[in-house]
């Protein structure tokens, strides 16, 4: 990650409105990963990441920050829900599976990068194999045995290669030998994913090297052979070593819904298991060693970002040891009508742009006017205040309701309006949503 904190925040601003404190915190944490790697090895081992706790109501951008961060980081990244895990001894997934999943994500990411790197060599090798399958047929039907021995053989191959690249042979059927994939589906109860993965790897290795002849169209065969050649060019042992280092030095884990495993007051019963999940998370965040497919992974330098709405509980309800392991606290603010207005217009691929482009595919143009967007933002804010506050997610519900009739009759409306756009102004919004927004009982169930 060679981007500066300012550049990271600028990139996040393209997709997320407001929440500057949270953006700055994750930008600094991400940049510190790069800074640490520039230190001498001895000092580098001592510098541990400062984990982050993001606190804020639902729908204000916590999860969206995680999603965008994953694309920016170019590092092994995993987002998990804290509620999916149970204390060791209970039925369900244990928290160590987080690191196993992170290791799988690292392996997948590096394999994809490596396949892109060797793509050109794989394409050349795949073309040669397809031409080997094609040319015997061409020789029999088009050339005499004497001509096959001359230099015209090379010319023919080049001619066929040109036709292959231009797609002229895509529909021709050929018989070619490809790897025989052994796929075994194993159903196992929750919490036994590691055993399932090991069994699947075992069966996959048993079938490795087996090949069978298949009749395929050239287009399908080329794709299959290209993937096969790319996999052959990738060295799995090197990849595992790189993935192990990437997880340990650059891994990022985003734990959502951390508030749902916080103990609320002095409630007993099921909350015992919740506290158990927190205690199981402690060694993971503090630094321990977890057995994965890649080998033993040390979690000392993995960055953990936790987030929660904390509606029914407080950050102080987390066990004290876990609070201490999340030293950076960031509070995300509830959204205002002005924020809703900006969310509808400013982000890259904003909601209004998405609907506009979707309907354009049917030849129907819609235009969101400034007063219409303002009224929509006001209604979203009012409904959130009167009912449950679900933040920016309310806009999805409102826009679906607002454009339901237009979406249903898009084809007919496109013919009727020719190229004139449908104007979505304040009057249009009030006509479709005004009554629902005013009626609290209706808005509770419909909006």
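In case you wondered, yes, glycine gets a Cβ from its N, Cα and C as well.
What Swiss-Prot records for this protein:
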type	residues	note
BINDING	17, 59, 60, 61, 62, 63, 64, 256, 321, 393	ATP binding site
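Summary: among the binding-site residues (17, 60), the fewest other C-beta atoms within 10 A of the C-beta are counted at 17.
For the binding-site residues 64, 321, the greatest number of Cβ atoms within 10 Å around a candidate Cβ is found at 64. Taking every pair among 17, 59, 60, 61, 62, 63, 64, 256, 321, 393, the residues listed as contacting ATP, the largest Cα to Cα separation comes to 33 Å.
According to DSSP, residue 321 (ATP binding site) sits within a helical segment. Counting only residues at least six positions away in the same chain, the Cβ atoms of 22, 54, 56, 256, 307, 332 sit under 8 Å from the Cβ of residue 62 (ATP binding site). DSSP assigns residue 62 (ATP binding site) to a helix in the three-state reduction.
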